[in-house]
Amino acid sequence: MASLVAGIDEVGRGCIAGPVIAAAVIFAPGQDTHGLADSKRLRPDRRLVLAGRICSESLAWAVGRAEVSEIDQLNILRATHLAMCRAVAALPVLPDWVRVDGNRYPPLDCPGEAIVGGDASVAEIAAASILAKVFRDREMEVLDRLCPGYALGVHKGYPTRLHIDRLASRGASFFHRRSFAPVRAVIDRSSAS
């Protein structure tokens, strides 16, 4: 088995606002990874503690992103793979093997595998899911302060009832993904008026 294994995961794929963020994490062989879990199963305060530990104790970590304009231009799958490739390219050490959460392997220059449910079963992927979630949530909270009225700090860009209601009453903003159906519907309604 390869000695340096990177885990990759993304956050924001199902959102209708904001970027998609991917993280890549490499642990030193034999490193203690106790307590890591899929970011969706952790309380926000626990995610923050673990993210700090991952950043300080992992052999290497990096974050990549795809902007709203890239998501709208490429489609969400290709934009997600772009964010993943950017995360791996930003690593200060290149991995020998990559494990990606999901069912499709991105076009990386290193070998690896896609693992469905990897965020719950592979420590490196769980760590990447935690970093990606913490980084994206922080960005959405900053965006909420810069553009109040959409409650981005609450729903983080996901298509919740609150977000859809705010989108309908306020219209789409620069951070909304125009290629996504709920946003497109609001734009179409406002242009028909």
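Note that Cβ sites are derived from N, Cα and C of the backbone, with glycine treated the same way.
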Swiss-Prot divalent metal cation site partner of D9, E10, selected from D101, D109, D137, D144: D101
DSSP-derived class (H/G/I helix, E/B strand, else coil) of E10 (divalent metal cation binding site): strand
For D9 (divalent metal cation binding site), the number of other Cβ atoms found within 10 Å of its own Cβ: 30
Nonlocal residues around D101 (divalent metal cation binding site), in sequence order (Cβ under 8 Å, 6 or more apart): G7, I8, D9, E10, A114, I115, V116, G117, G118, D119, V122, I125, A128, S129
DSSP three-state assignment (helix, strand or coil) for D101 (divalent metal cation binding site): strand
